[in-house]
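According to TrEMBL:
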- A:401-486: domain 'STAS' (DOMAIN)
- A:44-61: transmembrane segment (TRANSMEM)
- A:89-107: transmembrane segment (TRANSMEM)
- A:119-139: transmembrane segment (TRANSMEM)
- A:145-164: transmembrane segment (TRANSMEM)
- A:171-189: transmembrane segment (TRANSMEM)
- A:217-239: transmembrane segment (TRANSMEM)
- A:260-283: transmembrane segment (TRANSMEM)
- A:295-328: transmembrane segment (TRANSMEM)
- A:349-382: transmembrane segment (TRANSMEM)
Amino acid sequence: MSISAIKQQWFGNVRGDVLAGIVVALALIPEAIAFSIIAGVDPMVGLYASFCIAVVIAFVGGRPGMISGATGAMALLMVTLVSQHGIEYLLATTILTGILQIIFGVFKLARFMKFIPRSVMVGFVNALAIMIFTSQFQHFVDEAWIMYALVGLTLAIIYLFPYVTKAVPSTLVAIVVVSAIAISMNFGVRNVGDMGELTQSLPLFALPDMPLNMETLMIIFPYALALTIVGLLESLLTASIVDDMTDTDSDKNKESRGQGIANIVTGCFGGMAGCAMIGQSVINVKSGGNGRLSSLVSGIVLMFLIIVLGGVVVQIPMAALAGVMIMVSIGTFDWSSLRNIHRVPKTDASVMVVTVLTVVITHNLAYGVLAGVVLSMIFFAVKISKVRVLPLYVNEGRKKIYYVQGQLFFASVTDFIDSIDFKENIEEVIIDLTESHLWDDSAIGALDNLETKFEQNGIRVHFKGLNGESSRLLNRLGGVSKSAGH
Amino acid sequence: MFKNILLATDGSDHSVRAIEQTIKMVSSYKDEARIELVYAVDGDKSKEDVLTYGDSHTATAKRKEKFLDTIQSIENQGVKADITILHGEPAESIIEYANENNFDCVVTGSRGRNKFQTLILGSVSHKIVKYIKSPVMIIK
């Protein structure tokens, strides 16, 4: 990349990037803390992650203007790992996730993301929203009415304050107001300090303290793979959204590598794996950020605030954070997918619903994506395996032509054979394949089978209208030797 | 005479009215007139469209496709027309685009999709009137 292009990406929009970076930092803090709590680790793990990832991605990311950090999608995947094996295994998993993501980037696997159907992506986003929402229920257990009141107040401020001014992020106003009320009134509600320790220091480099052997690798690999896929999925989706918002293109493979590098660094500095954040990136672009500087500024401001204001941050009541998370989940959910559910094809709608249900039942976004992709493939195979066969008698009923329309492959040959009558009293049959296409061994086998069956009944068979690719396949696999002609 | 006209649309029925009135206005000199429709995609719409269509390029193509019928119907009435898609906060991006390019007149409908939004936030049309330098016409 040329010097001027690099300069443009860094310093083309200094004022907008710095302002947006500050806004994003303020919005990142409550989310990073809340996502740590979802994952079951100290708030610092999420804060360090958001700091490291935002700073590293500013240099190595492929999509300027996109914000990455600790995310709900990734946090949800870690819950079991953290509760069974502890934080050191999470850090090791984070590093392994980074390595896998770099491999994805180097081998340009971003293009395979197109095999993930859009209805699966919509299901993924909706499932993520539902999971973030339900993860907040634990904070309401055994709580008095005051918890509900404070959450309600938080949400009211978040949604109504923008009507007063949009200059200050309303989530920040909500957190400040609700914290002030809770602290001054001394309600005794649980706060961030009750959920874990918050150290006011910069992250330090340290490799995970755990044995490096096959056994640990077997434990962390499945988690790392799920984190890799979900992280890249959300990052590349977010990159496309930022592409669209800024009307510019981005390098998806560079972004995959960048996410990997950021996760490796994060893991070495005591942070949890993260990825790009749709909500924060939208906030960033809306606030005027579109360069690399905004991500750097957001990371540095976030760390600065924690070091300076750490003592205040621990007093933020959980009610305020739960309110913010409910807002995040409402914002994440793709409401248009519900509005239009009666309009999209039934198969697409059911793929979306199955993706969501799988996630809600298994608590694992990666399984949801897998279930959605498999179901879409089945639907696709069913859709494309419909073969139409039109029979037509000629020569006073002594000859019959079958016109075949559709794709002949393993899933469609049974229907194809079933729709042909081998026992008729005719002399000759023509199979017209002009509007068909042979795809595999099963298709060739079906034609062989058909020829044999007709010949057993003393009927001559001719195939006609094979297209170029189909006849090449036929020659290669050596079927229908005698009568494949014109 | 307003020849080079920018028409801000949100794709709603109110914009259809704005288009009809504009065509009526230029009917006496329609060979010389040109209507440029402009549609702004904001952040939430970007998210929605990328989720629906997969990527930015497809989303852009689909948005243009949606306006093809409208453009065709304007051109059928003898007025040249095309569509420009902007990205960003609707009022801001339309104002910037209008002020950067030389239009004889900017036309917009008076109401958006949502009455509540119009009441509380102050409509896009209101901001357009305030900040666009060229003459602005609001179709009731």
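Cβ coordinates come from backbone N, Cα and C, glycine included.
The structure displayed is predicted, hence computed values, not measured ones.
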Listed stretch, out of A:44-61, A:89-107, A:119-139, A:349-382, that has the most CB pairs under 8 angstroms to the transmembrane segment (A:295-328): A:44-61
Counts of helix, strand and coil residues, the domain 'STAS' (A:401-486), according to DSSP: 32 helix, 25 strand, 29 coil
Leading contact stretch, A:44-61, A:89-107, A:119-139 vs the transmembrane segment (A:260-283) - CB distance under 8 Å: A:89-107
Contact between the transmembrane segment (A:89-107) and the transmembrane segment (A:349-382) (3 or more Cβ pairs under 8 Å, separation 6+): no
Best-contacting stretch, by C-beta pairs under 8 Å, relative to the transmembrane segment (A:217-239) and drawn from A:44-61, A:119-139, A:349-382: A:349-382
Contacting positions for the transmembrane segment (A:119-139) when only residues 6+ beyond its ends and CB under 8 Å are counted: 38, 72-73, 76, 147, 190, 233-234, 237, 278, 318-319, 321-322, 325-326, 328-330, 332-334, 337, 344, 348-349, 351-356, 358-360, 363, 365, 368-369, 372-373, 376
Intrachain residues whose Cβ lies under 8 Å of the transmembrane segment (A:44-61), provided they are six or more past its termini: 28-29, 31-36, 67-70, 75, 87, 90, 94, 196-199, 203, 254-255, 257-259, 261-263, 265-266, 269-274, 292-293, 295-296, 298-300, 302-303, 306
